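The structure under discussion appears below in the form of structure tokens.
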């Protein structure tokens, strides 16, 4: 059972480094704030100057389309001065450390820094070296808190609740920060979580996560309300985990016959980027009745607007 949710007046944390740092009041506060931005983002005038005079710096050390553009749009719609650094042309390429970069940026007095980094814990290190708030946009395979928050908002928007739902997360769990953040948040909000993956893509410590584990996808999808697919994180794999993409699709790709084991109204989710024909069938990805993948992107802007506003205050 989920703990009773009470509305929070103020966030309990200075930084957003991970879901595990948040209380259920913090989560509810962020989601309620995000809901207030949904209609604004659908209107003709999308600008709300609540962060006028504030400076937001985006540091993305890994490639990103959805998260980086979402944070940039979010900041601009709130009226902040947004600087997205091109890390390929930064002093990092000349050997500068993250700590020295942090000290340099801190001297410019930003109000908030958004960071994505390939190393787990990099955002925590940055938060210790700057005076402003730090938002984690994904650090290694550790956490991706705003993705979990936007996924939760998407589920609530469609299902009106999370508590009592059965959610399947299928794919490369070992290397997925999205999986970890979603597991933490879904457990907090009272969902039952099924993890589906080949045994060699299942974390060794998975038993500690409070989830059900399956290597058989059809069994794992049985009576699920939500099916969340994840891509293979080939860039984080140090050795070959699979014989071929074709074999992976046969056993772990979401197809109509596998989806039939979930509930008839089960929703399909994916954080992106998608690899069609590997972890998901194209027709299912584009199914207007069941796929909420585009809605995840849309609500992601609202969630990130909420996070920027809350943590800048």
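Here the Cβ of each residue, glycine as well, is placed from N, Cα and C on the backbone.
Here is what Swiss-Prot records for this protein:
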BINDING   66, 67, 116, 144, 147, 272, 273  carbamoyl phosphate binding site
BINDING   94, 177, 231  L-aspartate binding site
Based on Cβ atoms within 10 Å, give me the single least packed residue among the binding-site residues 67, 147.
-> 67
When each of the binding-site residues 66, 116, 144, 177, 231 is scored by other CB atoms within 10 A, the minimum falls on 66
Measure from the CA atom of residue 231 (L-aspartate binding site) to the CA atom of residue 116 (carbamoyl phosphate binding site) and give the result in Å, rounded to a whole number.
-> 18
Within the chain of residue 273 (carbamoyl phosphate binding site), which residues six or more apart in sequence place their C-beta under 8 angstroms from its C-beta?
-> 65, 66, 231
Please classify the secondary structure at residue 67 (carbamoyl phosphate binding site) using three-state DSSP.
-> helix
Residue 147 (carbamoyl phosphate binding site) sits from residue 177 (L-aspartate binding site) (Cα to Cα, rounded, in Å) at a distance of 9
Name the residues of the same chain, 6+ apart in sequence, whose Cβ is under 8 Å from the Cβ of residue 272 (carbamoyl phosphate binding site)?
-> 65, 66, 293, 296, 297
In which DSSP state, out of helix, strand and coil, do we find residue 272 (carbamoyl phosphate binding site)?
-> coil
Three-state secondary structure, residue 177 (L-aspartate binding site) (per DSSP) | helix
So residue 94 (L-aspartate binding site), by the Cβ count within 10 Å over all chains shown, scores 6
Taking the Cα atoms as reference points, how far is residue 94 (L-aspartate binding site) from residue 147 (carbamoyl phosphate binding site) in Å?
-> 31
Inside 8 A of the center formed by the CB atoms of 66, 67, 116, 144, 147, 272, 273, which other residues of the chain have their CB, for the recorded carbamoyl phosphate site?
-> 64, 65, 137, 138, 178, 271
Residue 231 (L-aspartate binding site) in three-state DSSP notation = coil
